[in-house]
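Colleague: So TrEMBL lists the following for this protein:
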COILED    43-77  coiled coil
DOMAIN    28-245  domain 'Anoctamin dimerisation'
DOMAIN    248-825  domain 'Anoctamin transmembrane'
TRANSMEM  259-286  transmembrane segment
TRANSMEM  337-357  transmembrane segment
TRANSMEM  422-447  transmembrane segment
TRANSMEM  467-489  transmembrane segment
TRANSMEM  516-533  transmembrane segment
TRANSMEM  633-654  transmembrane segment
TRANSMEM  689-709  transmembrane segment
TRANSMEM  782-811  transmembrane segment
């Protein structure tokens with residue numbers, strides 16, 4: 001038996017060696033002429049379902065051939081592991097032109113004669129950032145018109161094999177695959193490649209990359225676009241270069257092209273925000289020594305003599321204010337006058353970003369032939385899953401045709417289940433946030449006691465205060481919980497969206513987007529909202545502290561304010577998310593493909609086929625772009641909603657995005673199978689989400705400046721309560737701290753030890769002293785400050801909103817030159833089509849065709865005159 005096996009292995013190896021002259025690293029059928037537009041793969045596993053899967057495959061492939069597609073199967077003996085069958089699919093000319101008309105695909109009719117834009121005088125300075133013209137514009141610009149089988153002479157068809165680009169060809173084949181039936185099961189008609197992939201009939205379905213990414217193909221008919229994209233776009237050393245958007249669109253389709261256009265534009269706009277944020281940070285750094293508040297805190301004669309009330313009940317001792325010297329100095333980096341300026345600037349910046357993106361998007365729509373693109377051509381088509389699951393039918397009032405529908409009662413039940421599930425998970429996030437708050441309150445006392453009583457921590461006790469130590473550890477714990485909840489909810493969100501059975505692709509994406517964004521919004525931002533707007537606001541005062549669940553005393557802000565803690569929280573969550581995201585996007589796919597890439601490099605090209613190489617890559621799923629958008633929109637929230645607390649956030653985002661563009665391009669080009677091309681004329685529902693966050697950011701930043709930073713109390717003191725004209729801010733710290741008589745402590749709060757027999761202690765609030773008739777009630781200064789905060793919020797919001805809406809009104813969504821080009825192209829296209837019809841009528845008249853009447857001729861000429869007039 002062993003000798004027989006060895007002989008069979010020898011014959012197999014010999015057969016493979018004999019076929020070396022037929023290179024399999026090709027994108028064509030064995031005849032070298034017909035292009036492979038799509039590949040299906042399956043494993044012949046001998047289990048209970050084997051016969052059923054075989055029957056499905058036979059029926060499905062038979063129906064594909066009836067639809068006009070041509071198939072060629074590679075036996076498993078030809079595969080590297082000897083287990084996988086590959087079915088190669090080719091779409092012949094007749095199929096392509098039939099479905100090009102069905103999908104309303106635009107094709108060239110004449111080369112564009114509209115002059116290009118006037119040269120920019122800065123072009124010579126920007127030359128190092130430019131890519132070669134052939135890479136930036138891989139094909140000429142044409143006037144286009146929707147394809148029609150009856151007007152083929154009208155189009156610039158030089159070669160039927162190359163007239164439709166590979167991305168258009170795979171889009172057409174995918175359209176057929178998703179709607180091709182494969183039989184009837186349980187009385188229901190079954191169809192679509194997605195179902196066959198889900199039930200294991202096929203293991204994969206994908207279009208091919210055109211070559212290996214690290215070298216050009218030997219085939220002269222190959223465009224080597226993947227190699228060009230890798231060399232010019234997907235390497236990090238090209239981070240300073242512009243993106244070849246036209247080539248990306250040509251290779252991957254408009255949907256992926258528009259994502260990279262948006263990401264690139266967002267990154268460019270971040271540069272301005274990062275520069276201004278860095279200037280504000282440097283202002284805080286250079287004026288740190290001039291900050292009177294931190295000077296007074298650090299002064300042994302002032303801060304050293306101020307005895308603060310204990311940070312926790314019983315176990316904590318009294319402490320001197322100057323122990324927070326370093327943290328108060330660092331808080332000035334982010335809590336200064338520049339904070340207000342930067343908050344207002346970012347409110348205007350976000351408007352400029354969104355308005356200029358609309359203009360950029362309008363230009364891309366014109367350049368990529370998406371001006372007349374209707375979503376119903378692709379996105380509004382019924383999902384195959386909807387057609388399969390909805391057995392009831394009713395007449396469409398528009399088309400008067402019977403179509404499937406989901407009864408209202410079924411929809412209501414599904415929405416109730418979906419809404420309850422989402423509400424449960426949002427409640428779970430809030431519960432986890434409360435758990436983190438409880439952790440903060442529980443360990444706060446431990447940190448305070450530990451740092452006071454441990455000698456080894458004394459050298460860093462000035463920098464690492466109990467508040468900061470609690471904030472850092474709680475932020476790290478919160479980040480871990482965020483990632484765990486994300487992992488589970490992503491799967492739940494997809495499941496409940498599938499359960500709702502959305503009617504169209506657009507409905508499916510929009511519903512999933514809103515569920516995921518709502519969850520991510522609460523998950524990522526809840527801890528930041530807590531620190532910004534709740535921490536330190538409901539503390540009470542010594543002797544009458546407020547408690548959570550009547551057990552844990554609410555935590556206080558640092559004497560220098562809560563802004564530094566919000567900065568810490570924001571930095572850890574934002575930076576942690578970006579680092580973890582890049583690890584997931586780059587390192588995980590690389591590890592998964594490591595063996596496949598080793599195999600590709602160690603085996604001869606002609607024994608390791610193009611379809612096998614791509615089969616070993618990761619799958620870029622239908623939701624691949626969804627996660628990319630979601631990641632960037634969450635980041636957008638960090639740099640807008642809480643930017644007043646951290647001016648360096650745009651700089652961090654800029655650095656991340658420069659890396660993100662290259663990581664996304666690298667993984668898409670080298671680590672993933674080629675995605676099926678899809679059309680999109682905008683970033684979709686994400687535009688509305690960004691608009692909503694832009695409006696919310698004005699409100700949150702106004703509240704952060706008013707209630708989280710110390711700016712308003714300092715300004716009120718400066719203008720109303722300062723008594724020193726030479727140094728108006730001197731005495732502010734003493735003014736902002738109230739006095740408490742230690743003998744008034746109840747037993748629950750009183751420290752166990754009072755080593756120096758202190759009589760009074762200070763706490764952060766504006767309350768009357770113990771010898772006043774209104775003992776421990778809020779002073780008039782407290783109400784003045786509260787009024788000033790509310791007035792500031794109203795004024796800042798109105799000013800920023802007025803400027804935002806004025807800027808939005810001033811900037812038109814579509815540039816004037818693009819409007820002119822669109823009108824010119826429509827006119828010329830109509831003229832060409834009418835002239836074509838006129839010529840055809842003349843030919844028929846000359847040939848004596850009775851059907852071509854004089855009335856038709858006059859009507860066609862009339863349409864041409866009307867077109868010219870329009």
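Glycine residues also receive a Cβ, built from the backbone N, Cα and C atoms like all the rest.
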Colleague: Okay, the transmembrane segment (689-709) and the transmembrane segment (422-447): do they have at least three CB pairs under 8 Å, pairs separated by 6 or more?
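Modeller: The answer is no, given that the two segments have fewer than 3 Cβ pairs within the 8 Å cut-off.
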Colleague: Within the same chain, where does the transmembrane segment (689-709) have neighbours whose Cβ lies under 8 angstroms from its own Cβ atoms, ignoring anything closer than 6 residues to its ends? I mean 6 or more beyond.
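Modeller: Sequence-remote neighbours of the transmembrane segment (689-709) are 335, 339-340, 343, 346-347, 350-351, 354, 513, 517, 531-533, 537, 561-563, 566, 633, 636-637, 640-645, 789-790, 792-793, 796-797, 800-801, 804.
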Colleague: With a cut-off of 8 Å between Cβ atoms, can you find at least three pairs linking the transmembrane segment (259-286) to the transmembrane segment (633-654)? Only pairs 6 or more residues apart in sequence count.
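Modeller: In this chain the transmembrane segment (259-286) contacts the transmembrane segment (633-654) - 3 or more Cβ pairs sit under 8 Å.
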Colleague: Among 467-489, 516-533, 782-811, which stretch has the highest count of C-beta pairs below 8 Å with the transmembrane segment (633-654)?
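Modeller: That would be 516-533.
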Colleague: Using a Cβ cut-off of under 8 Å, list the residues of the same chain at least 6 residues beyond the transmembrane segment (467-489) that approach it.
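Modeller: The answer is 327, 425, 428-429, 432-433, 436, 439-440, 443-444, 447, 451, 516, 519-520, 523-524, 527, 531, 555-558, 564-565, 568-569, 572-573, 576-577, 580.
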